[in-house]
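Student: Copied straight from Swiss-Prot:
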- ASP46, GLY47, GLU48, ARG105, GLN106: ATP binding site (BINDING)
- HIS139: Mg(2+) 1 binding site (BINDING)
- ASP178: Mg(2+) 2 binding site (BINDING)
- LYS201: active site (ACT_SITE)
- ARG203, ASP227, ASP231, THR232, ALA233, GLY234, THR235: D-ribose 5-phosphate binding site (BINDING)
Amino acid sequence: MKARGFKAKMRGFKIFSGSAHPAFGKEVSKHLGFPLSKAVIGKFSDGEINIQISESVRGKDIFIIQPTCVPVNDNLMELLVMVDALRRSSANSITAVLPYFGYARQDRKAAPRVPITAKMVANLMQEVGIERIITMDLHAGQIQGFFDVPVDNLYGSIVFRDYIRSKALKNPVIASPDVGGVTRARYFANQMGLDLIIVDKRREKANESEVMNIIGSAKERDVILVDDMIDTAGTICKAALALKEQGATSVMALGTHAVLSGNAIKRIKESALDEVVVTNSIPLVQKCDKITTLSVAPLFAEVIRRIYHNESVQSLFT
């Protein structure tokens, strides 16, 4: 996928990249054929973020690329400070391009006396002056409703779909690594025209280890686990082992966001997984032979172009 070149009227457009994922910003810029605008991003001696926009943005439509990944709080605050600087510099509109939306897992009250942090972050973004959000594979789709501004939640499945087809697997089947991810896995299975199986983990009694039940058959099949993010990798590694024990020929995991915290890389290396496929929505710090990274920068570039030209985004995914 390649964004078509900008027309002369794109003179009213500027694109900035924060420090969270500069390589992604450069790649999007390259696909757009439009240079990144400049800003000086620094910190005071006490850690406070300090930003100065290095060129005029008066009357311009601004797109800021900044996934709110690790360090989540610093990257989120940097985004907010940059938006404030742009708004006070008379930008016409400000769109936040968040390949990964941090705090998305705190989308409801799952226990007494806990916050709904995803809603609080949405409030902060709107209050500071963000007028549109472009993100991908939100952990909970209902987060779109936390905003009173347009939210374009892109589907990472578009790049996974092409990759899976290129593998020419003989007897593939889609799997959800847990019951909570069934809707996401079913969507991908429908896109691919494949069957769906589910890994259901249960603890039959207190203080007993989890039992992995497979709903459907994985025997002699190439299983493709589908999830929105891979954090500690515990769930997909346990699911892969259960699937191999049932007779799966191979097990591949697809995860849009490679959070990979803690011992995730070590778990993946030692697991029954044959391959883990992720996108570059988050910079991959550690390398692993089992991990394949697909770029979604061309997708984001084309979406930015379409939004600026008031063209349909949904048609990309149909």
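Residue numbers in this text run from 1 along the chain shown.
Even glycines carry a Cβ here, placed using N, Cα and C.
Since we're looking at a predicted model, the values are computed, not measured.
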Student: Rank the binding-site residues GLU48, ASP178 by the number of other Cβ atoms within 10 Å of each Cβ, and give the residue at the low end.
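Tutor: Counting other Cβ atoms within 10 Å of each of the binding-site residues GLU48, ASP178, the minimum falls on GLU48.
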Student: About how far apart, in whole Å, are the alpha carbons (Cα) of ASP46 (ATP binding site) and ASP227 (D-ribose 5-phosphate binding site)?
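Tutor: Roughly 39 Å, rounded to the nearest whole number.
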Student: Going by C-alpha positions, which of the recorded positions (LYS201, ASP231, GLY234) is nearest GLY47 (ATP binding site)?
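Tutor: Closest candidate to GLY47 (ATP binding site), judged by Cα separation, is ASP231.
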Student: For GLY47 (ATP binding site), just count the other CB atoms lying within 10 A of its CB, please.
Tutor: 8
Student: Around the C-beta of ARG105 (ATP binding site), how many further C-beta atoms are within 10 angstroms, looking at every protein chain?
Tutor: 14
Student: Three states by DSSP: which one describes THR235 (D-ribose 5-phosphate binding site)?
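Tutor: Note: THR235 (D-ribose 5-phosphate binding site) is helical by DSSP.
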Student: List every residue in the same chain as THR232 (D-ribose 5-phosphate binding site), at least 6 positions away in sequence, whose Cβ is under 8 Å from its Cβ.
Tutor: SER261, GLY262, ASN263, ALA264, ARG267
Student: If one measures from the C-alpha of LYS201 (active site) to the C-alpha of ASP227 (D-ribose 5-phosphate binding site), what distance in angstrom results, rounded to a whole number?
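Tutor: Computed Cα spacing between LYS201 (active site) and ASP227 (D-ribose 5-phosphate binding site) is 15 Å.
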Student: Listed ATP-binding residues ASP46, GLY47, GLU48, ARG105, GLN106 - what's their greatest C-alpha to C-alpha distance in Å?
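Tutor: That value is 30 Å for the farthest Cα pair.
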Student: Given the binding-site residues GLU48, ARG105, GLN106, HIS139, ASP178, which one's Cα is the least distant from that of GLY234 (D-ribose 5-phosphate binding site)?
Tutor: ASP178
Student: As a test of the contact definition, list every same-chain residue at least 6 positions from ASP231 (D-ribose 5-phosphate binding site) whose Cβ is closer than 8 Å to its Cβ.
Tutor: VAL259, LEU260, SER261, ALA264
Student: Show me the subset of ASP178, ALA233, THR235 whose Cα is within 10 Å of ARG105 (ATP binding site); these are the binding-site residues I mean.
Tutor: none
Student: Going by Cα-Cα distance, pick out whichever of the binding-site residues GLU48, GLN106, HIS139, ASP178 is nearest to THR235 (D-ribose 5-phosphate binding site).
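Tutor: The smallest Cα gap between THR235 (D-ribose 5-phosphate binding site) and any of the binding-site residues is with ASP178.
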